[in-house]
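Peer 1: Take this structure, written in C-alpha cells, and hold onto it; I'll ask about it next.
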Amino acid sequence: MSIFPIALALLLIGLEEGEAARDGYPISKNNYCKIYCPNTKVCKETCKNRASAPDGECDGWNLCYCFKVPDNIPVWGDPGTPPCMT
C-alpha cells in the first residue's frame, strides 16, 4: 500500500478552495520592502488592504506580518519579487 494517498489526504484536510495556506510580510508598493507597523491594529488593516489576508500582527521588529495570505498575492521573499530598494 502506498503512503502517498494518505499523506495527500492529510495535507488537504481542512483546506477549502481559495483558502490560503501561507503567511508572510506584505510588500510595499513604493520600494518592495516589508511594511512598518506602529501597532497591531494598523497591521491588521494593512494585511486586509495590501495582502487580502484576514489577520496580521506586528512582529518583534515592528514589521507587519500577515496570516492566511492567498497564494496569488505576492509576499516579501517570494520568487520573482524585486529586491527591497531602501
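Keep in mind that glycine also has a Cβ here, set from the backbone N, Cα and C atoms.
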Peer 1: Which residue in the list CYS47, CYS58, CYS64, CYS84 does Swiss-Prot annotate as forming a disulfide bond with CYS66?
Peer 2: CYS47
Peer 1: Choose one of CYS33, CYS43: the cysteine that Swiss-Prot connects to CYS64 by a disulfide bond.
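Peer 2: Between CYS64 and the options CYS33, CYS43, Swiss-Prot records the bond with CYS43.
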Peer 1: Quick one: which of CYS58, CYS84 does Swiss-Prot link to CYS33 by a disulfide?
Peer 2: CYS84
Peer 1: Want to know which disulfide-bonded residues, from CYS33, CYS37, CYS66, CYS84, are within 10 Å of CYS43 (disulfide bond) at Cα; which are they?
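Peer 2: Near CYS43 (disulfide bond) by Cα: CYS37, CYS66.
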Peer 1: Distance between CYS84 (disulfide bond) and CYS64 (disulfide bond) at the Cα atoms, whole Å?
Peer 2: 15
Peer 1: Look up CYS47 (disulfide bond) in the DSSP assignment and report helix, strand or coil.
Peer 2: helix
Peer 1: Can you tell which of the disulfide-bonded residues CYS33, CYS47, CYS64 lies nearest to CYS58 (disulfide bond) in space, using Cα positions?
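Peer 2: With Cα distances computed to CYS58 (disulfide bond), the winner among CYS33, CYS47, CYS64 is CYS64.
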Peer 1: So among CYS33, CYS37, CYS47, all listed as disulfide-bonded residues, which is physically nearest to CYS64 (disulfide bond)? Use the C-alpha atoms.
Peer 2: CYS37
